[in-house]
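Scroll down for the structure; my scribbles are underneath it.
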């Protein structure tokens, strides 16, 4: 869904809102693709947070190198 949305989205500050409106109104099933993308991204981050919670529960934070790699991956995912 991200590639399809990127084909129609403009990141310019003057036209960003109108490009989102264009996706929702003029693109066939654009509203559905936008909602699927938003819900999929939210579910992805919920899974990441559950994985972090599992690591906290089982004490994986004691493995400093592994935990630091995970933190870096989380920050890269959020960029």
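For all residues, glycine too, the Cβ spot is worked out from N, Cα and C.
Note that the structure is a prediction, hence the values are computed from the model and not measured.
Features as listed in Swiss-Prot:
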type	residues	note
BINDING	37	heme b b562 binding site
BINDING	51	heme b b566 binding site
TRANSMEM	1-7	transmembrane segment
TRANSMEM	31-52	transmembrane segment
TRANSMEM	67-79	transmembrane segment
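Panel annotation: around the transmembrane segment (31-52), residues 1-2, 4-5, 20, 23-25, 70, 74, 77 of the same chain, lying at least six beyond its termini, place a Cβ under 8 Å from a Cβ of the stretch.
Classification of residue 51 (heme b b566 binding site) by DSSP places it within a helix.
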